[in-house]
Amino acid sequence: MSYYNIFLDFLSYIGSGAALFIKIIAVIISVMISVAYLVYMERKVIAAIQLRQGPNVVGPFGLLQPFADAVKLIIKEHIIPFKSNKICFLIAPIITFTLALLGWAVIPFGADVIVNDGYEVIIPNAIANINIGVLYILAISSLGVYGIIIAGWSSNSNYAFLGAIRSASQMISYEVSIGLTIVTVLLATGSLKLGEIVVARHNMPYWIDLLLLPMACIFFISALAETNRHPFDLPEAESELVSGYNVEYSSMPFALFFLGEYANMILINAMAVIFFFGGWYPPLNIGFLYIIPGIVWFVLKVVALLFCFIWIRATIPRYRYDQLMGLGWKVFLPISLLWVVLVSSILVYTDSLPSNNKQYVSHAMHK
């Protein structure tokens, strides 16, 4: 191989690396801006429900309020409790924030269509379109509890430790139900690639969508518990635990927890859109709606689910802890197990398993 070819290969490698780096930076910036304006949206929606105005001073209609809040958090004094484990105390919010961002690596925001040998090949727009995208995102979401446990233990506070224990047991309990709901989707699509799942779901008959609808409801409610959102925000119950596992945090460490929590909230709604609501495709497969880019539909669906999260926070009272655990283990777990068996049986009986009928995924990637 000549030096010229080696130089061309090196330039190609540098170019692909630069493109990947730009993708990563773009996703991180987009998530951070989304978190900032999700907080603004939450305050505005709750204010409207409670017949208030909400943020309306900083900028037109209060649109610059998120930046004012960010400046306030940055310039606040950073206090470390005297008897805390200082290293773990500082590492915990970094773990939570980092894991919240890592999950976005496999999320497809849309897709490009290219023609190859007469076929229209659909290429999902994701940082990494890996073969085990579902397993990756489940693993990343499961690791998030470590940051909370470390924060509660290292703070040397009874309130923080109790909040961390609550959060750990709650997240572990509802991850089982979330995993089983995703299993039903995998049975119907036969793929662990998030992009293939979206397109396979798009090409399925409507009766399979109706069959998976109860699992979508369980996934959505379990997502509230998984992200410690109302009415399952027991780890952060202000009336019981002051603020929960992050009670001793201030300034940027608190901001990292805050960013991680809301980034996880957006992420799990993006997962719901991918698994149950058609991803980047327009609703009901209406032809003229395809004029609108897929990423716009994806964002609109995620925003709609986030609005439901906020609406629930403003209207439904908090569960007791025993009710929370009972709902997860005594209601959602048996129903999820039963529905996995039911979906498997119906797919086998109707000869609709992906192993027997490949048209969904093959049509997905070679349309």
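Here, residue 1 is simply the first one shown, and the rest follow in order.
Cβ from N, Cα, C; glycine included.
Owing to the predicted nature of the structure, the values given are computational and were not obtained by experimental measurement.
Among the features that Swiss-Prot reports, transmembrane segment is placed at 19-39 (among others). Remote same-chain partners of the transmembrane segment (19-39), defined as residues 6 or more beyond its termini with a Cβ less than 8 Å from a stretch Cβ, comprise 66-67, 69-70, 101, 104-105, 127, 259, 262-263, 265-266, 306.
Annotated transmembrane segment per Swiss-Prot: 87-107 (among others), in sequence order, evidence recorded as sequence analysis. Distant neighbours of the transmembrane segment (87-107): 27-28, 31, 80-81, 126-130, 133, 136-137, 140-141, 143-144, 146-148, 150-151, 153-155, 194, 246, 248-249, 253-254, 256-257, 259-261, 263-264, 267, 270-271, 274; these residues of the same chain sit at least 6 beyond its ends, with a Cβ under 8 Å from one of its Cβ atoms.
For 132-152 (among others), the entry in Swiss-Prot reads transmembrane segment. Counting same-chain residues at least six beyond the ends of the transmembrane segment (132-152), those with a Cβ under 8 angstroms from any Cβ of the stretch are 88-89, 91-96, 99-100, 102-103, 105-107, 126, 160-165, 167-168, 171-172, 175, 178-179, 182, 186, 192-195, 197, 226, 235, 245-246, 249, 257, 260, 264, 267-268, 271.
As annotated by Swiss-Prot, transmembrane segment applies to 178-198 (among others), with the evidence given as sequence analysis.
For 204-224 (among others), the entry in Swiss-Prot reads transmembrane segment, with the evidence type sequence analysis.
For 266-286 (among others), the entry in Swiss-Prot reads transmembrane segment.
Nonlocal intrachain contacts for the transmembrane segment (291-311), taken as residues 6+ away from its ends with a CB within less than 8 angstroms of a stretch CB, comprise 38, 41-42, 45-46, 49, 109-111, 125, 220, 224, 229, 265-266, 269-270, 272-273, 277-283. Marked as transmembrane segment by Swiss-Prot on the basis of sequence analysis: 291-311 (among others).
Feature annotation from Swiss-Prot assigns transmembrane segment to 328-348 (among others); the stated evidence is sequence analysis. Long-range Cβ contacts of the transmembrane segment (328-348) within its own chain (Cβ-Cβ under 8 Å, at least 6 residues beyond either end) map to 170, 173-174, 176-177, 180-181, 183-184, 187-188, 211-212, 214-215, 218, 221-222, 225.
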